[in-house]
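Participant: Sharing the feature lines straight out of TrEMBL:
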- B:20-39: transmembrane segment (TRANSMEM)
- B:60-81: transmembrane segment (TRANSMEM)
- B:101-121: transmembrane segment (TRANSMEM)
- B:133-163: transmembrane segment (TRANSMEM)
- B:175-196: transmembrane segment (TRANSMEM)
- B:208-227: transmembrane segment (TRANSMEM)
- B:271-290: transmembrane segment (TRANSMEM)
- B:358-382: transmembrane segment (TRANSMEM)
- B:394-410: transmembrane segment (TRANSMEM)
Amino acid sequence: MDYFAQQLINGLVLGSIYGLIAIGYTMVYGIVGMINFAHGDIFMIGGFIALISFLLLVSLGLTAIPLILLLVLLVAMAVTALYGWTVERIAYRPLRHSFRLAPMLSAIGMSFVLTNYSQVAQGARVKPVPPIITGGYTLHEGPEGFAVQLSNMQIMVVLVTIVLLAMFTWLVSRTRLGRDMRACEQDQTMAALLGVDVDRTISMTFVIGAALASVAGMMYLLYYGQVDFFMGFVAGIKAFTAAVLGGIGSLPGAVLGGLAIGLIETFWSAYFSVEYKDVAAFSILIIVLIFMPTGLLGRPEVEKV
Amino acid sequence: MTALSTETTHAGRTAGIPFILKKAFLSACVALVLFSLMIGIRTEAGSDGQLTWWTRFGDLASIVGLVFGGSIVIELLRQWLGPIGAEKLVPAPVQRSLSLAGRFLGPALLVFTLLVPVIFYNQRYILDLGILVLTYVMLGWGLNVVVGLAGLLDLGYVAFYAVGAYSYALLATNFGWSFWVCLPLAGMLAAIWGVMLGFPVLRLRGDYLAIVTLAFGEIIRLVILNWQDLTGGPNGISDIPRPTMFGIPLDNSDDGLAAKLGIDYSPTHRIVFLFYLILALALLTNWVTIRLRRLPIGRAWEALREDEVACRALGINTTTTKLTAFATGAMFGGFAGAFFATRQGFISPESFTFQESALVLAIVVLGGMGSQLGVALAALTMIGGFELFRSLETYRMLVFGMAMVLIMIWRPRGIIGHRAPTVYLTKAQAISSDLVKEGHG
C-alpha cells in the first residue's frame, strides 16, 4: 500500500509535466488543426534555456534560491516563447493554406533542426545539475521501513502546474486574446471577417504553448536533474498521447490525459518492467484511438465534406 | 534563420532602404535573443559531475551578423525577383521541355543504372553508394503506395523495414534457411504487420494516422531493443548469411561462383550481385505499383487519396482499400529489409529509428507524391546530398531539416511534380496542381 501511494505521488508529478506539454499540442491542434511536431523539441530547448540561465544567475552571485528560480522561470518562458514564435513564422505561416502534408513535413524538418541545433550548440552529452530544492516530508512510515516521501520538489512541480493552469484557463475564458483564440478555433475565415487578427492569434497560440512547454522543461530539469538534446522526442510523443487521450482540443482534457499517462507509465515501471514503459504508453495511444477516437473529454468530430 | 523575412511582401509595394534595414535589424534582434543563451554560452559536464561553462560571444556575434546580412540579401532578392513562385523560378517553356525530357529521362536513367557496375567496376565506393541509393529508391516506391497513391500518411514505415530485416536475420541464423526462401517470408511477415497496423487505424485519418504509425514504429523498435533473448537487444544480430546466386555462393570457396566459372575471385563480384539484386527488387516494386494502379484496387487507392467521403459514397470499400495499401507497402518494406540484412551482415535497432522513416517519407513527398520517377530522383538527390555532408556528421541532420523546411515552403507539392489521378470523370484541366490548393480550389 505504501509502495502504491509513493508511485501515485511520483506518477502525478510526472503527469503534471506531461500535462504542461500537452496543452501546447491541444491548443495548436484546436486552432490550426494539425500536430505541432516541433513541440517536443521546444520543451527540450526550454530545459536547456533554464539550465543555462540558472548557471548564469548563480555565477552572477545570486544566492536566494526562490529568486533565482523565479528569474530562471521568466527567462526560460520568454526565450522559449520566442522559439515557438519563430517556428510558427518559418515552418507554419508560409504553408497555412497549403495542402495537408506540407506543413506536417516542414514541422518534422523543424523538429530535426531544433534537435540537431542543440546538439551542435551544446554537445551531445547529458547535462547534469545538482539538486536545487531539497528536503521534503515523510507522509507515512511503513513497518518494513519503507517510507512514503513527498519532496518539496514534487510539491513545487504540482503547484506550478496548478498555478499556470489557472492563469491559462483565465486567459482563454476571460481575455480578448482567449476570445480570439476560441473564435479562430471555430472558423478562421469568419473570425477574420469579424475583425480578429488570425495571424496574430495563431502566433500567440504558439507563443503560449511554447512558454508552457518551457516551464515543463524547467520542471523536468529540476526534477530529474538533467537535460539532453534528444529528450524532446519521446516526451513529445507522450504529451501528444496525453492530449489525444484527454480529447484533443480540450484543455482540461490535456491535463487529465497528462496525469493519466504519468500514472500509467509510473505504475507500469513499478509493477511490470521499466524497459517497456514507453511501449505501454504508445500502446495506450493506439488503444484509445480505436475505442475512443475523441478521447476522454473530446467532442465528436463533425465530418466536413 | 531569417524569421522575419519569410513574410511575403505585397505585390506592387515598393519598399525603401529604411524598410529593409528595419526588417534586418528586427531579424537580428530576434536572432540575438534566440541564440544568446544556446550559442553564447556553452555548457559541458565536467569530470566530477559538475557543470562547467564558458562564453562564445564571437560565435554569437557572427551568427547575428549573418542573420542581419542574410535578411538584407533575401529582401533585396525578393524585391528584385518579385514574389517567389515556382512558375517564376522555372519558366513555363523550361518546365514544358522538362516534362518532355521526363518521358526519356526514366528509360535513360534505367539504362545508366544497369551500366553502373560496368562503368564503375573498380570503384567500390560508388557501387556501395549505388546500392544505398537503390535501397532508398525501393523504400520510397514502397511507401509511395501508402502515402502517394492511397494518401495515408505513414510515419512508421521503417517498422516494416525492421520486420523484414529481423525476419530474415532470425530465420537465416536460427534455421539456416537461404535468402531466397526467406525473402518472400520476410515480405509476408511485414505485410501481416502492415495489416495489423492497418486495422486499428482504419477509422483514423490525417494527423491521427500519422501519430499512430509513428507510435507503432517506436513500439516495434523498443520491442526489438528490449527483447534480448530473441533479437540480441542493442547488440543486434551479426553473422547474417550472405545471399547466394540461387544456391551458388559468391565467395572464394571451391564451389563458389568464381571457381565454377573458372575466373579469378574478386570481392567485387558480390557487390555487383547485390547491386543487381536490389535493382531487380526495386524494379519489381515499380512494376507492381504501375500494374496495380491500372487495376480497380489502384484506382480505389487514388480515389481514397482524393476524397475519402466521396470514395465511400461511390461504394468503394475503404476498409479493404486501406488494408491492401498498408499490406502492399509493408511487403515491399519487408523485402527491402531482408536485402538490408543480407547486405550488412549485421543489424541492430539503431538502423530503424524515426529518422529513417522521416527520410523515406521526405523522399516520397519531395519527389512528388505518386510520381515514380520523382521518387527515384529524390532518393538520388537526397542520399547523394547526404553523402556530401558525411564529413560534417553533426551538421548533417541540421542541414537535412532545414532543407526539408525550405523545400516545403518553396514547393509544397514536391520538387519534381506529383501524379494526378489516373482516371478523370471529365477532361483534366490544364492548370498546375500548385494553383489548386486545398480549400481554395
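Cβ atoms are placed via backbone N, Cα and C, with glycine included.
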Participant: Looking at B:60-81, B:101-121, B:208-227, B:358-382, which one has the highest count of Cβ pairs under 8 angstroms to the transmembrane segment (B:271-290)?
Facilitator: B:101-121
Participant: Counting only CB pairs under 8 A, let me know which of B:60-81, B:133-163, B:208-227, B:358-382 has the most with the transmembrane segment (B:101-121).
Facilitator: B:358-382
Participant: Would you say the transmembrane segment (B:133-163) and the transmembrane segment (B:358-382) are touching, if the rule is that at least three C-beta pairs must lie under 8 angstroms and be 6 or more residues apart?
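Facilitator: Between the transmembrane segment (B:133-163) and the transmembrane segment (B:358-382), which are separate recorded stretches, there is contact, as judged by 3 or more close Cβ pairs.
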